[in-house]
Amino acid sequence: NNIRVVCRFRPQNAREIKEGGVPVVSFSDDMTEVKVESKDYPGQFAFDQIFDWNASQKQVFDYTANATIEDVMRGYNGTIFAYGQTGSGKTHTMVGDMESSELKGLTPRLIESVFSRIFQASSNFEFTVKCSYMEIYMERVRDLLNPVNDNLPIHEEKNKGVYVKGLLEVFVGSVDEVYEVLRRGQSARMVAATNMNAESSRSHSILVLQISQKNLEDGSLRTGRLYLVDLAGSEKVGKTGATGQTLEEAKKINKS
C-alpha cells in the first residue's frame, strides 16, 4: 500500500522563452524539496522525489515504476498516474514518443518490462495478459477500443472489486500487440485546442494490463492489474480561453 508522490518539472516552452521567462524554482541537494520563489505564490514543498527539466525518461522510469512492476507480477494491483495542468508534460511522461528509445515514456517502458519478465520467467509458469483502454469524458466511461460503448456502468463485486461492465478486453502476447492497442485507443481520445495547449486531452485515459500467471506444478493462480492513467489537464477555466463545449469539458474535468 506504499504511495509515492513524484514531481517533474518541464523545461520552458517556446512562448515562455520568447516572453523572457525565467525559472522561479530551486531544489534541495537530495531533490526532495522545491522552493518556489514567486512574488505572488511563494512556498516550499516536499516530495518523495523531484526531477528537474534535465531528467531523462529513463531516470523517471527507473525511480517511479520498477517497484510497481514487481508488485503487479506478484499478483497485486498497481497504479501510476500523472496529474497537472495542460501543457505540463503529463502525456510526454506517461507515453512520450513510443518510436524513440530515448523519448518513450513510462507506459511503453512498463509494457516492455512486463513482457521481458514474462519471457525470462521459469517454464513452470504460464502467463496470460489482457489489455483494456478507456477514457472518462464528461463524467462518462467510454471504451477507447470500442468507442460506440460511450456510457459504460461501473460495478463493484466482492470477488472482482470495482470494474467497468462491458469494457472490451483484448488478449495480447507481445509488446507490439499492446502498442497497437495503445495507438488504436489514442486515436479515439477526445482532444481540443485551448490557450494552454494546441491539442489538449479532454478526458482522463486509463490503460489496464491484467497479468495472470498459473503455476503448472501446483495449479495456483495469481492475477495482478496495472493501471496507467493520463489525466486530462486541470487548471482554472479562465486561463484556457475555453468556450462552449470545451468550457463544459473543462468543468467536468476538474470535477472528476
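Cβ coordinates are placed from backbone N, Cα and C, and glycine is handled just like the others.
Feature annotations, reproduced from TrEMBL:
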type    : residues                               : note
DOMAIN  : 2-256                                  : domain 'Kinesin motor'
BINDING : G84, Q85, T86, G87, S88, G89, K90, T91 : ATP binding site
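When the binding-site residues Q85, S88, T91 are scored by other C-beta atoms within 10 Å, T91 scores highest. Contacts of G89 (ATP binding site) defined by a Cβ separation under 8 A and a same-chain sequence distance of 6+ are given as R8, R10, in order along the sequence. In the structure shown, the C-beta of G87 has more C-beta neighbours within 10 angstroms than that of any other entry among the binding-site residues G84, G87. When pLDDT values are averaged over the domain 'Kinesin motor' (2-256), the model yields 87. Counting every protein chain shown, the Cβ of K90 (ATP binding site) has 24 other Cβ atoms within 10 Å. When other Cβ atoms within 10 Å of the Cβ of T86 (ATP binding site) are tallied across all protein chains shown, the result is 22.
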